[in-house]
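A.B. asks: Can you keep this structure in mind? I'll have questions shortly.
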Amino acid sequence: MADQANQPTVLHKLGGQFHLSSSFSEGVRARNICPSFSPYERRFATRNYMTQSLWGPSMSVSGGINVPVMPTPLFANAPAEKGGKNFMIDFMMGGVSAAVSKTAAAPIERVKLLIQNQDEMIKSGRLSEPYKGIADCFKRTIKDEGFSSLWRGNTANVIRYFPTQALNFAFKDYFKRLFNFKKDRDGYWKWFAGNLASGGAAGASSLFFVYSLDYARTRLANDAKAAKGGGDRQFNGLVDVYRKTLKSDGIAGLYRGFNISCVGIIVYRGLYFGLYDSIKPVVLTGSLQDNFFASFALGWLITNGAGLASYPIDTVRRRMMMTSGEAVKYKSSLDAFQQILKKEGPKSLFKGAGANILRAIAGAGVLSGYDQLQILFFGKKYGSGGA
């Protein structure tokens, strides 16, 4: 039972789960925005807890709050205080946890992706008319494709956990040491710039290796039965996505949208820390300074604010992914952004954001329940899946 003190609480996980976006896997998925207590800090620095999203794990900032940042898969070995055997147990149990949470949240995740990318599907003739909302998307998907289709693309999302976690441990601390600036020693702006640089470099390094899985997951999830052509699907599975994309577009097809994804990492981090450092000194004063729930609420609001503000980047990158294999493609991420704004309006950039919040809540609930089951059956908590 002593090991339980080293594991994040339900509130830590719930706080992080509200983060908008992905994984870029995401993933997502190890985002902790609640107040941090010292027993957790080392564990949080080396493990992801949230499901899926582009930008993710956490780091400790002033005020004692562990805030979600980019998945920073930084160069290093497994934690020194844990033996190789215990590390592997935690790693595998984390994989089980990731599989459980991602699978539970998969239906709402697919609905989010369908709503987000529906305009590209309409262009290619794979969707007859726009979805009217989350409920309508659920209803039509089940009616046209069956209940089990809500989990389409989930396999790639679950598989992505393992290389992402391996990269987290392989990359640990390398970029941290490279940009080792302290706020109190080097000044705020130098620390802020170093934070963005290290997070961006680490995030891009990790993303480079797992991006094709996120691409495949996106294509499978958006592979609704064609409105024209007798209800045929475009892809027959994960391997088929790779095979057809490589045949039509080459390696570039698997990495369409990668550059804007890296930009998204930096934008999210910049928004988060900029908002946090600006709002915290104003809001968390007096009796609220050390208040757990006030800190939790602030972290939740800032996480959602930064996530919502950076959500258009996620939309642009996924819309670019959807053009691989198509005759007409966006010339660049800027071209995609301009065309979407011109033809569909700014609202289109935020399609699926509501479903994304629901997905995060669902994933948090499952992770919390899974931890309790581990205590019940094993007497302790092992790793929790994220990324």
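Placed from the backbone N, Cα and C atoms, the Cβ positions cover glycine too.
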A.B. asks: Give the range, chosen from 191-196, 209-214, 317-322, that Swiss-Prot lists as region 'Important for transport activity'.
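C.D. replies: Of 191-196, 209-214, 317-322, Swiss-Prot gives region 'Important for transport activity' for 317-322.
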A.B. asks: Give the residue from the binding-site residues ARG160, ARG317 that has the most other Cβ atoms within 10 Å of its Cβ, counting over every protein chain displayed.
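C.D. replies: Per the Cβ count within 10 Å, the most buried is ARG160.
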